[in-house]
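Per TrEMBL, the features are as follows:
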type: TRANSMEM; residues: 12-36; note: transmembrane segment
type: TRANSMEM; residues: 56-81; note: transmembrane segment
type: TRANSMEM; residues: 88-106; note: transmembrane segment
type: TRANSMEM; residues: 112-130; note: transmembrane segment
Amino acid sequence: MNIVPRNIISLLAGLTIGGAVNIGLIMISGMFVPLPTEMDFTTMEGLKTALPLFEIGHFMIPFIAHAMGTLSGALVAALIAVSHKISFALMVGFCFLLGGMITIILLPLPSWFGILDIGLAYVPFAYLGWRLAVKWGSTD
């Protein structure tokens, strides 16, 4: 397979896997930190209404989901890419960073969570994904 198509596939695979990990962790988060009862979390308005009832633990699970989604997506992208592996890993990180920034704009989240999430969950974990890919035998 040519370099360009494989590199594009690496980005798409990284975004897909990373998104699936992120969503999967968010979906099972209620098993670890129970959500407030009788709230509608299926709509943006329902989520906005429920956010004031959230405690610190309710925010840690999304942070972990964002970080692990970015890490897994960047790792996959770096393992599949033929060249410029760090670039593709960081592209995954920046795509998820953009999504995180949009979420912070749309939802009334605490400032501390926004700073933590934007500052630590995306680019540092994308870089870590690339480092793991290099360590596990993928060069570049």
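The backbone N, Cα and C atoms fix where each Cβ goes, and this holds for glycine too.
Contacts between the transmembrane segment (112-130) and the transmembrane segment (12-36): absent, as fewer than 3 C-beta pairs lie under 8 angstroms at sequence separation of six or more. Using a Cβ-Cβ cut-off under 8 Å and counting only residues 6 or more beyond its ends in the same chain, the transmembrane segment (88-106) has close neighbours at 7, 10-11, 14-15, 18, 22, 44, 66, 69-70, 73-75, 77-78, 80-81, 114, 117-118, 121-123, 125-127, 129-130, 133. Only residues 6 or more beyond the boundaries of the transmembrane segment (12-36), in the same chain, are considered here, and those with a CB under 8 A from a CB of the stretch are 50, 53-55, 57-58, 60-62, 64-66, 68-78, 80, 88-89, 91-92, 95-96.
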